[in-house]
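Lifted from TrEMBL, the feature list:
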{"type": "TRANSMEM", "residues": "12-33", "note": "transmembrane segment"}
{"type": "DOMAIN", "residues": "14-397", "note": "domain 'Major facilitator superfamily (MFS) profile'"}
{"type": "TRANSMEM", "residues": "53-73", "note": "transmembrane segment"}
{"type": "TRANSMEM", "residues": "80-100", "note": "transmembrane segment"}
{"type": "TRANSMEM", "residues": "106-127", "note": "transmembrane segment"}
{"type": "TRANSMEM", "residues": "139-157", "note": "transmembrane segment"}
{"type": "TRANSMEM", "residues": "169-189", "note": "transmembrane segment"}
{"type": "TRANSMEM", "residues": "217-239", "note": "transmembrane segment"}
{"type": "TRANSMEM", "residues": "251-272", "note": "transmembrane segment"}
{"type": "TRANSMEM", "residues": "284-301", "note": "transmembrane segment"}
{"type": "TRANSMEM", "residues": "335-360", "note": "transmembrane segment"}
{"type": "TRANSMEM", "residues": "372-392", "note": "transmembrane segment"}
Amino acid sequence: MEKAAKESSGFRWFMLFILLASFTVTFMTRFIWSPLIPTMSKEFGLSATEAGAYMSAFYTGYLITQIPGGMLADRFGVKFVMSISLLIGGVATFFLSMMTTYEMGFALRVATGLGAGCIMACCGKMISKYFKPNERSMAFGILLVGPTAGLLLSNYLGPVLLSSMGWQGAFRVIGIIAMIIAVLVFVLVKSEKVDKSQIAKVGFFSSLGDVLKNKGVVLVGLAGFGLMWVSLGTATWANAYMGSLGIESSVAGQVMMLYSAGGIIASVVSGLIVDKFHLDRRKFIMGCYLVLIVMTIVFGLQTSVGALMLTGFLFGFFSYTANPHLNAIVIDYSGAAFSATATGFTNVMFQLASLIGPLVFGFMSDSTGSFASVWIAMAAGPLLGILVLLAAKNARKAEE
């Protein structure tokens, strides 16, 4: 039985800050492309499809290394896997400043994703080490500020760096930041003693089989797919929906800023509440999903700016309330020894929604000429999550 490491409270929080910085910078390397698209599309003659494919290239690499990265972290520890992964992402982003052909840029974006794909699993492993089971919702709540922070920093720094240093400078600065954090991880994260008594029971690749046979982990993965189905669908299509109402893009952006703010607040606050009052994570997630179904439909019915801003904040809040607990409950079921592999596996399931959902919603919008069916389809995601979490009622949790 592996317990959370007995470190000083200050050191635990310092490690969590390092994890947050690492997770955030992967989203900076991911999203720095977005504010550079108009300039680089003109310079390289890229179509909208080609420019969008650069984001798909990142996700290709990102999904490939999720599970292997987790297996490596469980086998050899986080220090080397995480620092090398960050270094790969930073170097690839830096070399994007030297791209001369579309193919070169595409390959470098895949490489950036390969580096980023290992980080979430490593973060899950570290949280299982430094935080007790009844503290992990709070820890994941803070960690999951990273995606929104990375998106906001990219959208702020991108235009500033573009105007002062050109697109080349933007890639270089973000790449250097990632490399600096890689060095900090290597220097500051302690080499850990891997629980070889657990690892030795199965072979390297068999550890994945052990996770696949874990009913709780698989069902939580499906539940997370349902959550990402609606949250990524919203991120992709909410602006287009507001545009169809005749709302200016700048105003739509303000609505989505409120949506993001609600998500940041919910991630931290819900983590604190669940750990403070020792709430059942599975039941709490189901309750959040039930409210999210309602909020998805309510947001999709609004047509005025004021109503969209109000419901947008609430929609964002309930879209991200369950996030920390999904990640924490994965470790509840997997145990700390295989926490990185389980986190990587479930994150692949979560992220599959980002590949499937936008295509489905786009097809429905094109077929019906309306967004009404899109919001209903999005609400089906958390409904699926509730059903699979009901099935997880008797899934056995690991002993720690």
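Glycine too: its Cβ is placed from the backbone N, Cα and C atoms.
Just so you know, TrEMBL annotations never went through curation; they're auto-generated.
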Annotated stretches the transmembrane segment (372-392) and the transmembrane segment (217-239) touching (3 or more Cβ pairs under 8 Å): yes
Contact set, same chain, for the transmembrane segment (80-100): CB under 8 Å, 6 or more residues outside the stretch: 22, 25-26, 29, 32, 65, 69, 72-73, 108-109, 111-112, 114-119, 122, 167-172, 174-183, 185-186, 189
Two-stretch contact, the transmembrane segment (217-239) and the transmembrane segment (106-127), at least three Cβ pairs under 8 Å: no
Seg_contact(the transmembrane segment (53-73), the transmembrane segment (335-360)) with at least 3 CB pairs under 8 angstroms, min sep 6: yes
Integer mean pLDDT for the domain 'Major facilitator superfamily (MFS) profile' (14-397): 91
